[in-house]
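Have a look at the structure below before the remarks.
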C-alpha cells in the first residue's frame, strides 16, 4: 500500500515537471548553437555604432541617436 502511494506521487510529480518544462521551452529555439550564433551577432562589441547611453568619443552613435554632453571624457549617445 505504501509503495503504491509512493509510485502514484512520483508519477504525478514527474508529469507535473514535464508539463512545466514544456511550457517553458515552447518559445525557445531547439538548437543551442543557433541561439549562440544569434547572441554573438547581437553582442555589444559586434556593433559599429554606439547604443543609447554608450560613449560616442571613439565610435559614432547608431541611427536616431545624437552625441550629447561632450566634456573631457566625450559625450554619450542619446535621443
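Quick reminder: no glycine exception, Cβ is built from N, Cα and C everywhere.
Under the heading signal peptide, Swiss-Prot lists 1-22, citing sequence analysis as support. Look at Swiss-Prot and you will find 49-62, 56-67, 61-77 tagged as disulfide bond, backed by similarity to another entry. The feature 4-hydroxyproline is assigned by Swiss-Prot to 60, 63.
With respect to their backbone Cα atoms, residue 60 (4-hydroxyproline) and residue 67 (disulfide bond) stand 8 Å from each other. All chains included, 13 other C-beta atoms sit within 10 angstroms of the C-beta of residue 49 (disulfide bond).
Residue 62 (disulfide bond) falls outside any helix or strand according to DSSP and counts as coil.
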